[in-house]
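Notes follow the structure.
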Amino acid sequence: MSGKGAPELSVRNVGDLRVAVIAAQWHETVMDGLVDGALRALHDLGIDEPTLLRVPGSWELPVVAKVLAGRGYDAIVALGVVIRGGTPHFEYVCQGVTQGLTQVSVETGVPVGFGVLTCDTEEQALERAGIEGSREDKGHEAVTAAVATAATLRSVSEPWR
Ligand code: RBF
């Protein structure tokens, strides 16, 4: 997927939102970049005390997202890196994680930022990790998108007349 066409989101007055970041641990260098980008985005948005939880692999992201969605968080951000190997395992993990996170978000009404890189090679993941030399910063983007969506949902849940 091309990263071209991404919007410049303007997100304000969100410092009081409760946000949790869940991060897998496979592919440490890339994950460190995604987590740093996510925490930087939260700091930029004035959200200074986010919850950060680590899980073993991307497969474990949906179950933790589901439980946190029931515990009062306004937005959740899932971070992971899945790299294609020589077996069909990649397809199953990617599909399970993607569908699982979508299901959590739609069923609970809590936005889940999708910061899971699904790449053919580690080089592709490094290009998107938000580290020196990267073209993109997907941890930062996933936080901004989830918080922007939470702000939108809050604006329609409050009386405006
Ligand atoms: N988890 C990841 O987050 N990224 C991966 O690239 C990844 N590759 C895996 C490859 C194989 C063959 C297996 C068995 C697991 C892999 N996992 C990966 C771990 C997976 O997300 C999960 O933690 C484990 O399957 C335990 O439930």
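Including glycine, each Cβ sits where the backbone N, Cα and C put it.
Look at TrEMBL and you will find HIS89 tagged as active site, proton donor. Annotation source TrEMBL lists 5-amino-6-(D-ribitylamino)uracil binding site at TRP26, SER58, TRP59, GLU60, VAL81, VAL82, ILE83, PHE114. Under the heading (2S)-2-hydroxy-3-oxobutyl phosphate binding site, TrEMBL lists GLY86, THR87, ARG128.
Proximity of the binding-site residues (GLY86, PHE114, ARG128) to ligand 1: a Cβ under 6 Å from the molecule is found for none of them.
Site extent for 5-amino-6-(D-ribitylamino)uracil: the farthest pair of Cα atoms among TRP26, SER58, TRP59, GLU60, VAL81, VAL82, ILE83, PHE114 sits 16 Å apart. In this structure the alpha carbons, written CA, of VAL82 (5-amino-6-(D-ribitylamino)uracil binding site) and HIS89 (active site, proton donor) are 10 Å apart. Around TRP26 (5-amino-6-(D-ribitylamino)uracil binding site), taking its Cβ as the centre, 15 other Cβ atoms fall within 10 Å, counting all chains. Largest CA to CA distance in the (2S)-2-hydroxy-3-oxobutyl phosphate binding set (GLY86, THR87, ARG128): 24 Å, whole number.
Once Cβ contacts within 10 Å are tallied over all protein chains shown, the binding-site residues TRP59, PHE114 are led by PHE114. Checking each of the binding-site residues TRP26, TRP59, GLU60, VAL81 against HIS89 (active site, proton donor) by C-alpha distance, the shortest gap belongs to TRP59. Ranking the recorded positions HIS89, ARG128 by how many Cβ atoms sit within 10 Å of each one's Cβ puts ARG128 at the top.
Counting only residues at least six positions away in the same chain, the Cβ atoms of ALA24, TRP26, HIS27, VAL30, MET31, LEU34, SER58, VAL116, LEU117, CYS119, ALA125 sit under 8 Å from the Cβ of VAL81 (5-amino-6-(D-ribitylamino)uracil binding site). When the Cα of GLY86 ((2S)-2-hydroxy-3-oxobutyl phosphate binding site) is compared against those of the binding-site residues TRP59, GLU60, PHE114, the shortest separation belongs to TRP59.
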